[in-house]
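According to TrEMBL:
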COMPBIAS  701-721  compositional bias 'Acidic residues'
REGION    604-640  region 'Disordered'
REGION    700-721  region 'Disordered'
SIGNAL    1-22  signal peptide
TRANSMEM  55-77  transmembrane segment
TRANSMEM  118-139  transmembrane segment
TRANSMEM  151-172  transmembrane segment
TRANSMEM  184-207  transmembrane segment
TRANSMEM  213-233  transmembrane segment
TRANSMEM  747-768  transmembrane segment
TRANSMEM  825-845  transmembrane segment
TRANSMEM  857-877  transmembrane segment
TRANSMEM  897-920  transmembrane segment
Amino acid sequence: MTRLGCWLAVAALVALAGLADAGSNCSAADATRNCIDGLVVPIWRPFLDLTTGDRVLRGVLYFFVIAYMFLGISIVADRFMSSIEVITSMERTIVVKRPGLDPMEVQVRIWNDTVSNLTLMALGSSAPEILLSIIEVIARGFEAGDLGPNTIVGSAAFNLFMIIAICVVVIPKGEIRRQKHLDVFCVTATWSIFAYVWLYLILAFFSPGEIEIWEGLLTFVFFPLTVGTAYMADIKIIQNRFLPHRYRRGSHGQMIATEAEEMKMLENGSPQGADPALKAFEEHRQEFIELMREIRKQNPHITPTELQKQAEYEMISRGPKSRAFYRVQATRRLIGGGDIVKKRIDKEHNKALDAAQEKQLRDNTCKIFLDPAHYTVLESVGSFDVVVGRDGGPDGLTVMVDYFTEDGTANAGSDYIPVKGTLTFYPEDKHQKVTIEVVDDDVFEEDEHFYLRLTNLRVRTKDGIIIDPTRIGGLPVAQLEMPNTATIMILDDDHAGVFGFDHDHFQVVENCGHLSLQMKRHSGARGKVVIPFRTIEGTAQADKHFEMKEGEIVFEDNQTEATIDIGIIDTEQYERSDYFYIELSPPIWAKKMNDLSRIQERFQRRMERKRGSSVASESKDSNTETGDDEVTTALTPSQLEIAEMGKPRLGEFTKCQITIRESKEFQGIVDRMIKNANTRIMLGTHSWREQFMEALVVSAGDDDDDDEEGDDGEEKEPEEPGCMDYFMHVLTVPWKLTFATIPPTDYIGGWATFVVAIFMIGVLTAVVGDLASQFGCWVGLKDAVTAISFVALGTSVPDTFASKVSAVQDKYADNAVGNVTGSNAVNVFLGIGIAWSMAAIYHWNKGTKFLVDPGNLGFSVLIFCVEALLCIAVLVLRRSKKVGGELGGPTALRWMTSMFFCSLWLMYLLLSALEAYCIIPGF
């Protein structure tokens, strides 16, 4: 359809050339009007009395030069739109307070989408037309010209009729696209028609043939009014504050809250409802999560890295994007720049890979560490080994480290034997051991601890020299991992023990699969003890968030630790804070209480020594059968006290709350995806080196509707650049290298790029204006006809490709249709308002009048206004149930709509050209 539009434009030019001959009497006075020196480009002399062959040759040469200049404008506009995307994508941090949860920091955009589309975005896409109008007035000594104003009207006609005609038919079969923000579209559509009605009024009604200062200034003032009213419609200020009806009746009779009331309820009921930007952020994040689940379901064995890359690409492809993004994407594909989404995602992941490789390089340091750093031993253990490990490091490295023990609550000599020495790790050694002896006594004591510390790490070189490892090169070749101290806990084994958890609250991540909760036994480890336990629901539901379980934990004799295993179900939530409980019941001692064990005997001896008396009362029970190895004991009160003290009991923490939190890895992936999906990252540049590298590299220009995956769900291999890609790259390399000198978008938040790029666009636009005027001189076309056809087509081609891509990829028609109407209004209010205000003020200062012939321009504006009303009426009618949306729909209706819009553009061209050459009467 794009090619069809180009052929129609060429046909129109041919027809207009014929009209120029047919209307020679009307155009005789204008035969040499365009044959003058331009602001930048002088006329090609000689220019009078040329043969037909010379004129054709010059016309063809100028045609290709102008086309090449338009290509350059498109490329520099690429840089300009990138800066606008960076500027309008600036984010602010807001802190959201949530009941029962930690405050959350969220990045939301500073710029409102509607405001950015009607200001910087519209300026970026329409900069050539606006600047052409301003530069032409300045170049002609603040006199009116035909090229600038007619280019604005001709570009508006092409945008409204041809671009929408293309967008209607490119929608995939069976799909439709409709405006999401209909109220904003209604406002911008109204202003777009009013702009050209107003242009006609100041040309032919208020002061025919003259533009006064108030008319020019008021034209410019309409620009902020357009932005303000569109913003009010976007935030629904009228619905929220002035509409009295809180509910409406649905199609089935049910009462439904109005959109304004729904927003109020969100604000009152949810802390996130108060900020629409935050609500959009949450929706966007949830879309990411659902997309990751969908891709993982289709590709169960996909790696996390590929999952993230594919999810980012799909999300960016499916999600809404700005007008600047589509414009830049269309231009780069056209000039062999490839798919900017794929290139940027690959670049970000390669950057992450480089960071991982750098980390791995840093990890190539020899590490000396305690494995593990905590030991729990019984008082009767005798001796045990503390293991010191070694990992990594260069080959052939010998490492030495000193060690020594240090008192905690345990005292050297009475509780353990102190040690001190040096461990030597030869190149082949992975572990070394430090043996420590524990002193066993019969004195009842609380649990005690002491430390083993590592210090004074050093390495031995091949020459046998011992040096500090941090002094070799930039990175240390060896280092002590933290913690460098082992804690040794000595448990008194004279009691059955006290049982419980270390803390009353633990957190687990939802993707851990299962929870292994450790129980500790201290103040004794004698005998076999059974601890019953059970899980209790909190906000977490059994068998939905965790495994409901009830059972027993068995501690064998001298066993000091045990674990409770509970299954955790992964629900892949971005944020989560569900909890449940694990509760312990009183312990059960496996030994019979009437059997005096060794623990009771040791308690007895200890108590007797303390009291300074000996208690030994033993008797035989006459009712019990006895043998050589079988006795029955009668317990005295002191023995009963000792036995009671030796029984197992629960400690301080017998009920533990388990909080299930979101997976930080999953959350990090989602956060990284959201960050990478920001089109600011896609279009921004960080350095001049990066810009020159992009200018010199050619990439495959993938089709807009290509999928990342094949039919079997496997990722397609990257495509190689084709012949057309190489041709366009070679053709545009001079422009690419020239505009690579523009400051990167990272400088001054994108404003440096913005200023330099718009200056370059102005220079190229001035050259194009001169060349287009002289082109009319060679082929016999008036500026008005050249402007509405050739120049308007050249400035609108990038927007055509951008709108086509947005129509296919977006869920809604806002970028394809809504931005066209807004841009058309801005063209008049800025391009005409600024240029004519400057000229009117200049002439007022000189005491003269700023005269503008309303003839062909007024006629062209009137034709456009009538046809624009028809076009917008058709778009509104297409929202009915029969079609369902502005774009797409049934095949017959979409082609009928497209052909009707094309005919409107051709009719506009034909009638304007006929009037310009006096074939039909105008004003």
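From the backbone N, Cα and C atoms, a Cβ is placed for every residue, glycine too.
Note that TrEMBL annotation is computational and uncurated.
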Hey, which bits of the same chain come close to the transmembrane segment (184-207), Cβ under 8 Å, at least six residues off its ends?
114, 118, 153, 156, 160, 215, 219, 222, 226, 229-230, 233-234, 814, 817-818, 821-822, 824-825, 827-829, 832, 852, 854, 857-858, 861-862, 864-865, 868-869, 872, 923
List, by number or range, the same-chain residues at least 6 past the transmembrane segment (213-233) whose CB is under 8 A from its CB atoms?
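Same-chain contacts beyond the ends: 112, 114-115, 118-119, 181, 183-184, 186-188, 191, 194-195, 198-199, 202, 206-207, 822, 825-826, 828-830, 832-834, 836-841, 844.
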Does the transmembrane segment (747-768) reach the transmembrane segment (118-139) with at least 3 CB pairs under 8 A, where each pair is 6 or more residues apart?
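These two stretches do touch.
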Which one of these stretches, 55-77, 118-139, 151-172, 897-920, has the most C-beta pairs shorter than 8 Å to the transmembrane segment (857-877)?
897-920
With a Cβ cut-off under 8 Å, give me the same-chain residues at least six positions beyond the ends of the transmembrane segment (55-77) that come close to it.
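The answer is 44, 124-125, 127-128, 327, 331, 334-335, 731-732, 735-736, 738-739, 742, 757, 760-761, 764-765, 767-768, 771-772, 774-775, 778-780, 790, 794-795, 797-798.
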State the residues, same chain only, that lie 6 or more residues beyond the ends of the transmembrane segment (151-172) and have a CB under 8 A from a CB inside it; answer 'none' if no residue qualifies.
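Sequence-distant neighbours of the transmembrane segment (151-172): 1-2, 5, 126, 129-130, 132-133, 192, 196, 199, 705, 787-789, 791-793, 795-796, 799-800, 803-804, 807-808, 813, 816-817, 820-821, 823-824, 827-828, 831-832, 857, 860-861, 864, 867-868, 871, 875, 886-889, 894-895, 897-899, 901-902, 904-905, 908-909.
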